[in-house]
Amino acid sequence: MLDPLIILIALCCGLLARIAGLPALIGYLAAGFFLHETDIIAGELLQQLADLGVTLLLFTIGLKLSPKELLQTRVWGTTLIHMQLTQLFFMAVLWIYDTLVPGLSMSFTEILVIAFGLTFSSTVFVIQVMQEKGEMASRHANQAIGILLIQDLAAVLFLSATKGTWPEPLALLLPGLWLLRAPVLRMLTHAGHGELFTLAGMGLALGGAALFEAVGLKGDLGALVIGVLLSGSQKGKELGRNLMNLKDLFLVGFFLTIGLGGWPQQETLWLAVILGVLAMVKVPLYFHLMAWLHTAPRTSLLAACAMGNFSEFGLVVVAVAAKAGWLDAQWASVISLAIAISFILSSPLNRRAHELYRKYHHHWRKFESVRLRSIRPATGGTRVIVLGMGNIGTGAYDNIAEQHGESVLGVDLNDEKLAEHARKHRRVVTADASDPDFWHEVNLDEVTLVLLALTNHPENMLVADLLSDLGYGGQVAAVVRFKEEGEELEQHGISAYNLYAQAGAGFAEHAVAQLDSSN
């Protein structure tokens, strides 16, 4: 049984981190190191919960993954070049430290494997931070997750190699799983929307992991593949929302286990600190590679700031290599501390990334490729802008367009819907509403109304602050779900429409109209 004191300590540390303006996961890391110094025994259950959290994480990533995104040169090209360069960089750092510190005597294999483990950035950290900021649907989140998934696949290949065995011949049949997509979606439809639906999702994630383990592949890869199998469907999106809080809860165990790894020995303690600080070297390297491969400067910067850290997979790589006899087991604690330090340093940078881009906007734009400059969206003659062309945004657009015609502009991140909007004669462009570069293409002096119909409150607030910084003086209205969200927006001079509270009034008007028409 899990000691209740572990939960209490994790809760207190998480709250303290949140009060300090840091992600709660930093508090969980601190709780892990604190627990290591006590006599509290975590037991196998905590590790099992941590493993379950990572499995569900990869499953939910798969649900949102667009395979064609991974095939973009800016994604796989950035990943492969970055991994090679960081491998060489950290090999040099380890060799220099080994030369300067007597008695360490690292072998070439140890240097090679440890440096390989340090090439990865943390999928768990990036997902957690993006979700807290409400940016999971953003371009920079998609870019970062695409890079991280390719890194994770490289880690999976390494872990398979350490087994000393090839996958079973039956693994060749795994592509046939695609044939199960339709039956699985029908099963999810019959499961409804409650606890049975959530249970079905967990069963699919764990079942996929078990299937891949059975044929000699990493189980987490199986959870990811099953998620991809369901991606793009409405049931897949609903499943991702249902499992989000459950996955986040289990991941608390993951962050605790990193700290529970304990402290390194004296001769390697400073190495862990140095490595943790040097994780920040990844940020400029990511940025320049992405910009060079035709990624927008803002997307490059925000994605790079999120990935300036080490990964949980690096710890797994070192632990597995130690079991295989390739290096000493003490290196696991070195990597654990380096990961924790990299998370602590990465958090404030990631939190200030938007501010850094706005403040030094003209500097970052210097890195924009010629190709990107030639494909900026046409925004001339716009008087009303609708941000977010989902059901609510599209309805608002159609209503306003009846009066204002071509002066209404819809903005959405999903370029796959552009053709549908064009067929219905809507003027819609693909852009990120929180991107200052987009707003610099708009003549805000002509715009009289901006409607915020975005998917979450943090994104609405981000756009509201951006418009304020740009000196926009027209009207702004936003859709909210909760009273406190509306109050915060109204403090910024924005008219808030409570979707739930005012939907009741609309429903009543509709019912009365139906009653009158029948009499």
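Cβ coordinates come from backbone N, Cα and C, glycine included.
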Looking at the candidate ranges 75-97, 144-166, report the one that TrEMBL labels transmembrane segment. 75-97
Can you identify, from 246-263, 444-461, 462-479, 498-515, the stretch that TrEMBL calls transmembrane segment? 246-263
Between the stretches 45-63, 75-97, 269-289, 301-324, 330-349, which wins on the count of C-beta pairs under 8 angstroms to the transmembrane segment (246-263)? 45-63
Sequence-remote contacts (6 or more beyond its ends) of the transmembrane segment (301-324), Cβ cut-off under 8 Å? 54, 113-114, 116-126, 129-130, 138, 140-141, 143-144, 147-148, 151-152, 155, 158-159, 162, 164, 254, 258, 261, 275-276, 279-280, 282-284, 286-287, 290, 295, 331-332, 335-336, 338-339, 342-343, 345-346, 349-350, 353-354, 356-357, 364
The domain 'RCK N-terminal' (384-495): DSSP-derived helix, strand, coil residue counts: 53 helix, 23 strand, 36 coil
For the domain 'RCK N-terminal' (384-495), would you mind checking the mean pLDDT of the predicted model? 84
Which residues of the chain, 6 or more past the ends of the transmembrane segment (269-289), have a CB below 8 A from one of its CBs? 77-78, 81-82, 85-86, 89-90, 93-94, 97, 101, 118, 121, 147, 263, 300-301, 303-305, 307-310, 333-335, 337-342, 344-346, 349, 367
